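Below is one structure, written out as structure tokens; the observations come after it.
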Amino acid sequence: MAVGEVMRMEVPTGGDLTVSSPDLHVLAVDDSIVDRKVIERLLRISSCKVTTVESGTRALQYLGLDGNTGDSDLKDLKVNLIVTDYSMPGLTGYDLLKKIKESSTFREIPVVIMSSENILTRIEQCLKEGAEDFLLKPVKLADVKRIKQLIMRNEAEDHRTLSHSNKRKLGEDVDTSPSSSHDYSSVKDFPSSKRMKSESDIFSPFI
């Protein structure tokens, strides 16, 4: 596939996967097809892989959090970020946020809430529940780029932390491994340099 070419594959009931770069995979959730296309385009411009779904319920199905294993053929794909609209029929973006943060598997995935309404109590509520950020619509390219940089920086820090932990563990394993201990049980079988020097002095007149 040529650079910049977009590959699409169908997701059951309304979602689609847009692949443009392996850097960051974003799940975008919005009941408005216009807003879905806008956020998808901005994410693609920012070189992200994008999966779009039209409801919080479909997002849970995609992630395998609806209680029915196997509903999503794409759930094995790693998701680095979830961007969701706040006001949606049925399961709202706030409800989706809480479901994700209650999951032991997905609670570490950053969730960004979008809304066309600048309601302070709503923003504070989402941030208190663990939202990474709250974006006002219309979402701008600068917003997406800022979020992407934040997520990639966090992932880089997590990678460094994991690498440091693995190195420390490897060092501990080396220190405690049998190969690192020394067996001196056979040292007595070899004459010391002092003893060898003494014997040399004794026999030197006869040489």
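Just so you know, the numbers here start at 1 and follow the chain as drawn.
In case you wondered, yes, glycine gets a Cβ from its N, Cα and C as well.
Where the annotation comes from TrEMBL, it is an automatic prediction and has not been curated.
Each residue in the domain 'Response regulatory' (25-152) has a pLDDT score, and their mean in this model is 92. If you look up TrEMBL, you'll see 25-152 marked as domain 'Response regulatory'.
Non-local contacts of Asp85 (4-aspartylphosphate) by the CB criterion (under 8 A, 6+ apart in sequence, same chain) comprise Val29, Asp30, Asp31, Ser32, Asp35, Gly93, Ile113, Met114, Ser115. Sequence annotations record features per position, and here TrEMBL assigns 4-aspartylphosphate to Asp85.
TrEMBL lists 157-207 with the feature region 'Disordered'.
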Worksheet item: How do the residues of the domain 'Response regulatory' (25-152) split into helix, strand and coil according to DSSP?
Response: 52 helix, 24 strand, 52 coil
